[in-house]
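Asks: Encoded as structure tokens, here's the structure I'll be asking about.
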Amino acid sequence: MLLQLNNIFKWVNSGGQRIFLLKDINLEVEEGEFISIMGPSGSGKSTLLNVIGMLDAFDEGEYNFLEESVHDLKEKHRANLYKEYIGFVFQSYHLLDELTVQENLEMPLIYKKFKGSERKAMVADMLDRFSIVGKKDLFPAQLSGGQQQLVGIARALISNPKLILADEPTGNLNSKQGEEIMELFKQLNEEGVTIIQVTHSEKNAEYGSRIINLLDGRMI
Amino acid sequence: MIKKYLITTFRHLRRKRLFTALNIFGLAIGISVCWVIYRIVSYEYSYDKNLVQKEKIYRVVSGFVFDEKESYNGGASKPLYQGIREQMDGLEHVVPVFENTFRSVEVDNPPGSPLRFDDQKGVAAIDSAYFNFLEYRWLSGTKSSFLDNPNSVVLTEDRAKQYFPDQAPNEILDRTITYYSYRDTITRTVAGVVANLPQPTEFNSQEFVPLPYIAYDLNIWTNTNGSDRLYLQLDEASNPAIIAEQVDDIIQRKTREWRDQSENTFNFKRWIELLPLGESHFATHIRESNIRKASKPVLYGLMGIALFLLVLACINYINMSVAGIPQRTKEIGVRKTLGSNKKQLITQFFLETLVTTVLAGILSLVLTKLVFWLLKDIIPEGITPFANILEYIGFLLLLSILVAILAGLYPGWLITRVNAINVFRSTSLQTKGSKGFNLQKALIVFQFVIALVFITSALIIGKQLQYSIKSDMGFNKDAVVLVQVPYRYVFEDKYDGKQFPLLEELKTISGIQNVSLGAAPLSEGYASSAYEYSEEGKPAISRQVFKKWVDTSYVNLYNLKVLAGRNLHESDTPTEYVINETAVKAFGFASPQEALGKFIGQKDEKLPIVGVVNDFHMRDFYESIDPMAFQMEKSNLTNFNIKLTSNTDQWQNTLSEIEQKWYRFYPPESFSYTFYDESIEQMYKQERQLATLVNLATFVSIFISCLGLFGLAVLTAFQRTKEIGIRKVMGASVEGIVRLLSKEYIVLVIIALVFASPIAWFAMDKWLEKFAYRIQIEWWMFLLAGVAAITIALLTVGYQAIKAAIANPVKSLRTE
């Protein structure tokens, strides 16, 4: 088992009232799964993704990731855990504007303390795999949305994560670009990467092996 | 319309409280310092500004060369004015002002006992020319009644109030005042009271007595006394260069005449210069104690400091406004789409700047008082923070407009260039060029260049001062207390020779280790004469030698080393000399041993050298050590050097014991002591003032720069939240982010250091050049300044960087 959420609650207090963002979430994810999280705006999809990605804390419940109890871990260990095993893909790509494609790919490797020669090899490998060698010296602003997201995914994959978390990865793309990205995810999943995506689109959700529906923070 | 603008402006400023506060504070400091310096500079330049025909008035000063050293004296030989009057044309007025000092002055005060004033200054002997030359308003009495009576005196209003409190000028007429000088006593009758001249003025005499016509002896022509001032007012047509030449000619002729008559071979050169009255106040090369001087370089320095600090504050404003534009693009975009034109946008922005500056001006009312208090040692007496509130308001308005233009122009222009369409695109709000070297960074570098120049200068000045005061001067000054027999008792029969029994009494005090009579080794006052040494068959060597009158325990008390021969022997009049090493070399003796037994001195009174002591500093560090001769002459021993025991706890007791003994010989008010090391510090008053000033400038420039840096760090952290978020999600640690954010500023400070170091080095090298004994400028001083600046910069931006680094990336990466 890759991860397990038991009775996860997350809330904020507003005007004396407790507003639940996540309510009693129970979820088990096996390695190699491709899960789509769906639900209307404000249903807690992104929050759930952030909790899984350990970017956000929760108020109650247990979270086990690869036999580690995330809820008991200190901030630093938690950061090490997600650094090693999780890659993130965002709706608006979140590439750094002042870095080239190549440098954007290299950035997470620097933080993971890879050596210069290793980094070079890994970046070259990734550029090759995604067929973007010719674009390596361009800046994000010089790429189309689909190409930017391609770089975003390549960046998420570069340090071989077990899990990819994608928050509406096709939200800013046209349908053709979106399709290409989803095909890519499918292919990655077949190669053994676990993927959890948040999406609005039924069609994109179909790519997954399992669909989770959220409404007002609750799984239905 | 204006009202609408104002309302939005105030709302905007209130919403951006932090930046408004930083801007106002920075500008207020700049404005306060500017105002204070403006007050000082305008005061110094307003000397005698009301004098009609000021540009036609010149002061006669004398230049000398003794021993190949040039020096100036603010006076002219007493008889010179008579010579000029008799022999020259083309002069409107020839005005002698001969200052006298009196031991004491007694004012009759019936029915009570007379009021007594000691050491009165500002009594000038003048003749009819003076009151024709300067227009005084006579409050009582007349010019003629004053001139007719040789024993009359005219007082200024201020002096009259001191002598005759609560009495009208009319009531004072014909009252008597008795003047006690060292030689005689004169009783004078008050012939009039005049209003004080408008301040500030060089003509600061407070009492006027008639200068009698005296037929001076020829040898008086060779005497020059700084207190005998002489002013000339030229005719319209006269050329000052020609007049100067003619005056000089009179002096040279008289000198030749005197040389022909006397047999004195003493070689000196003297000439006359005409100093324009406007320059007199700034003539720091002429040492004078009665007239306050201002140094032009110091004033220029002050103006430079004012300008720099103001520019620093403006830079802050520019930087924060520019950095704030990305946050305002939405507002500007909305305004533009709703039909606002460029002019209206710029007006809005200028109004913001103007309001900020005016608020800063109001705050600086308070700060100005603080600056006055901080600079109280430097600001000349007579300058008040706000003499004329209208002047302040005018100054403030002018400065506000200047600052508004200086600081508002560039950001205003940038605002108009915001493209309305871009604003509404949700993607990429980042400013371009955040990596490159843009104007903001250039301005920060400029700020730090100024701050670093100040830091380095403060460091070097402090070091030199410490060196001047603390380094080995060749004698041991620790735990030495000086007590001076007041000058007015020295020549009074009643107190004649009293210092010797007192000396014996002091020796019995247990807290005193040693006590000696004699002039302190390093002191402001000194006496020198030309001494000669003649070896048979060779031409005589003549050298200017500093004379120090000391007793036999002096060498021991100050730990001076006797290098050859012996200490002085007790005697009433000089019978022998102990000289220093420099004198040994100056007279060409091969070694200290060699000098023993040789005779030196003024012609016909040569005495043998019996000992040689090590060199020690006799004057401040601007002057090199000169030849010196110790000699014993009891009548010249008026200064007690008291070495206390090393037990500091006892010092207070010992001092009060000394005081008790003192009262048995001298009148009570005459006792005052100074610790020697403190009095040496006092000698560097100007340098310490400079140090205070530079320290303040350093502090203010750092402070203002840091305000700007802080503001910029806040904004940068805001602008880079998205980037920081991404980096954190990609695995960056908090330390990594803090390093990333701080690195940029450190690079800026290092660039500033590269520019600042040569500037500081050049300026400080120039300053140090004037010292005969000075520290070396070393590389670590620049390094230390750099480290200080980097530390301060880090402390300033560190909080913001840490705050940005520990923020949760989920928030910053949320897609709207």
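The backbone N, Cα and C atoms fix where each Cβ goes, and this holds for glycine too.
So TrEMBL lists the following for this protein:
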{"type": "DOMAIN", "residues": "B:20-249", "note": "domain 'MacB-like periplasmic core'"}
{"type": "DOMAIN", "residues": "B:305-419", "note": "domain 'ABC3 transporter permease C-terminal'"}
{"type": "DOMAIN", "residues": "B:449-649", "note": "domain 'MacB-like periplasmic core'"}
{"type": "DOMAIN", "residues": "B:696-809", "note": "domain 'ABC3 transporter permease C-terminal'"}
{"type": "TRANSMEM", "residues": "B:21-41", "note": "transmembrane segment"}
{"type": "TRANSMEM", "residues": "B:298-318", "note": "transmembrane segment"}
{"type": "TRANSMEM", "residues": "B:349-372", "note": "transmembrane segment"}
{"type": "TRANSMEM", "residues": "B:392-415", "note": "transmembrane segment"}
{"type": "TRANSMEM", "residues": "B:442-461", "note": "transmembrane segment"}
{"type": "TRANSMEM", "residues": "B:693-718", "note": "transmembrane segment"}
{"type": "TRANSMEM", "residues": "B:745-764", "note": "transmembrane segment"}
{"type": "TRANSMEM", "residues": "B:779-802", "note": "transmembrane segment"}
Asks: Can you tell me how the residues of the domain 'ABC3 transporter permease C-terminal' (B:696-809) break down into helix, strand and coil by DSSP?
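Replies: Its residues fall into 98 helix, 0 strand, 16 coil.
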Asks: Need one number: mean pLDDT over the domain 'ABC3 transporter permease C-terminal' (B:696-809).
Replies: 87
Asks: Given the cut-off of 8 Å on Cβ pairs that are 6 or more apart in sequence, determine whether the transmembrane segment (B:298-318) and the transmembrane segment (B:693-718) share at least 3 such pairs.
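Replies: Counting Cβ pairs under 8 Å (6 or more apart in sequence), the transmembrane segment (B:298-318) reaches the transmembrane segment (B:693-718), since there are 3 or more.
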Asks: For the transmembrane segment (B:779-802), give me same-chain residues lying six or more residues beyond its boundaries with a C-beta closer than 8 angstroms to one of its C-beta atoms, as numbers and ranges.
Replies: 448, 451-452, 455-456, 459-460, 463, 702, 706, 709-710, 713-714, 716-717, 734, 737-738, 741-742, 745-746, 748-750, 752-753, 756-757, 760-761
Asks: If contact means at least 3 Cβ pairs within less than 8 Å, sequence distance 6 or more, would you call the transmembrane segment (B:442-461) and the transmembrane segment (B:392-415) in contact?
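Replies: Stretch pair does not touch.
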Asks: Could you give the residue numbers and ranges of same-chain residues that sit at least 6 residues beyond the transmembrane segment (B:21-41) on either side and whose C-beta is under 8 angstroms from one of its C-beta atoms?
Replies: 299, 302-303, 305-306, 309-310, 312-314, 316-317, 320, 356-357, 359-361, 363-364, 367-368, 370-372, 375, 378-380, 383, 385, 387, 392, 395-396, 399, 403, 700, 703-704, 707-708, 710-711
Asks: So how many of the residues in the domain 'ABC3 transporter permease C-terminal' (B:305-419) end up helix, strand or coil by DSSP?
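Replies: Looking at the domain 'ABC3 transporter permease C-terminal' (B:305-419) with DSSP, the answer is 94 helix, 0 strand, 21 coil.
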Asks: So which residues does the transmembrane segment (B:392-415) touch in its own chain, when a touch means Cβ under 8 Å and the partner is 6 or more beyond its ends?
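Replies: Residues packing against the transmembrane segment (B:392-415) from afar: 27, 31, 34-35, 38, 310-311, 313-315, 317-318, 321-322, 325, 328, 332, 345-346, 349-350, 352-354, 357-358, 361, 364, 386, 439.
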